[in-house]
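Q: The structure's right below; bear with me while I get my questions together.
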Amino acid sequence: MKRERSNILNLRMDELKEALAAINEPQWRAAQLHQWLFSHRAGSFDDMTTLSLPLRRKLAESFYIQQPVTEKHDETMEGSPAGATEKLLIQLPDGERVETVLIPGPNRMTACVSAQAGCLLGCSFCATGQMGFRRNLSSGEITGQVWALSDMLQERNREASISNIVFMGMGEPLLNTANVIEAVLNLSTRKYRFSTSQRKITISTVGITPEIDRLADTGLKTKLAVSLHSAIQEKREALMPQAARQYPLDRLRESLIGYASKTGEPVTLAYMLLKGINDSEMDAKRLIRYASGFFCKINLIDYNPIVNIKFEPVCDGTRERFRDILQDAGLQVTIRKSYGTPINAACGQLAADCTGNSDNL
């Protein structure tokens, strides 16, 4: 019985080698094939002129090439002095949807990509968690989001190109570690289309400690950001019940110390300030205790409004007082500006238009 063809873009490098072996081709050809797919972005096997015609025919018998499709585009100039923040709703070949965001900044252009369709963690302040979990994205589907944003730039004849990549879109990257790592390699390999420095790639996580440990041992030089939001275990459990209970703060801190030590990169602790929840002087002092003694920096983030979620952002004075307490203790602190709020493209707002109307999310 003839096997049904599948999308070759969903295969990692190790899987490409296995696929070639299955059709009696040498595994070393996987590097050529991989470059055609993820650097040259070949649209068909006929485009792969450095591969023999018999090999191209065999590949076409077992596989097809299908890129994700951009279904919707939104943009806003609000809050961004460097240009429009833009969001793409992307439909994957099986009909699932994800969102990806282009964020302009001084001397940089950042692609914010999703690692999963939906999310199973259900953090209380996040729109993606309201969707539930659909599935992990393949490394090709993650890479394809950067391609889609890059295509958008080129179509408008912008001189700017994507310089930074952050895994801060939909889903938990470290519950899809193998495909995230493969996507990082796709996007950072020298002489490939993007060749992005790994030090300009940030992987964000709620704190999946075994995967943080695994990431630290890969030799990758990516940066790590952790959604902390409270240094008090009980409060963190209320905000992020699944992640906080399964990966307690003490165990998380051990992993963060190990990551910073092995990579030489500071860990970013993301802290979303929520009015009356985690914004007190006591909260700041507990954060000081938690963050002291290892290589880290703190990003304070404003809460972005989400329908059916009742948190409130803090006022400017509260945010600045909280920052000052941390800085007076010697911590490196940045107040992170949120871009894309009017189009539901800011931190915590991505939900893949799951109601059919992104304006309602």
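The backbone N, Cα and C atoms fix where each Cβ goes, and this holds for glycine too.
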Q: With G171, E172, S227, L228, H229, N304 listed by Swiss-Prot as S-adenosyl-L-methionine-binding, which of these, S150, S188, S204, is given for the same site?
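A: When Swiss-Prot describes the S-adenosyl-L-methionine site, the candidate it includes is S204.
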Q: When the Cα-Cα distance from C119 ([4Fe-4S] cluster binding site) is computed for each of the binding-site residues S227, L228, N304, which gives the smallest value?
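A: Nearest candidate: S227.
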Q: Return the count of C-beta atoms lying within 10 angstroms of the C-beta of C123 ([4Fe-4S] cluster binding site), excluding that atom itself.
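A: Result for C123 ([4Fe-4S] cluster binding site): 22 other Cβ atoms within 10 Å.
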Q: Going by C-alpha positions, which of the binding-site residues (C123, S204, S227) is nearest C112 (disulfide bond)?
A: S204
Q: Between the Cα atoms of E99 (active site, proton acceptor) and S227 (S-adenosyl-L-methionine binding site), what distance do you get, rounded to the nearest Å?
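A: Between the Cα atoms of E99 (active site, proton acceptor) and S227 (S-adenosyl-L-methionine binding site), the distance comes to 20 Å.
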Q: Could you check which of these binding-site residues, S204, S227, L228, N304, sit within 10 Å of C126 ([4Fe-4S] cluster binding site), going Cα to Cα?
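A: So the list reads N304.
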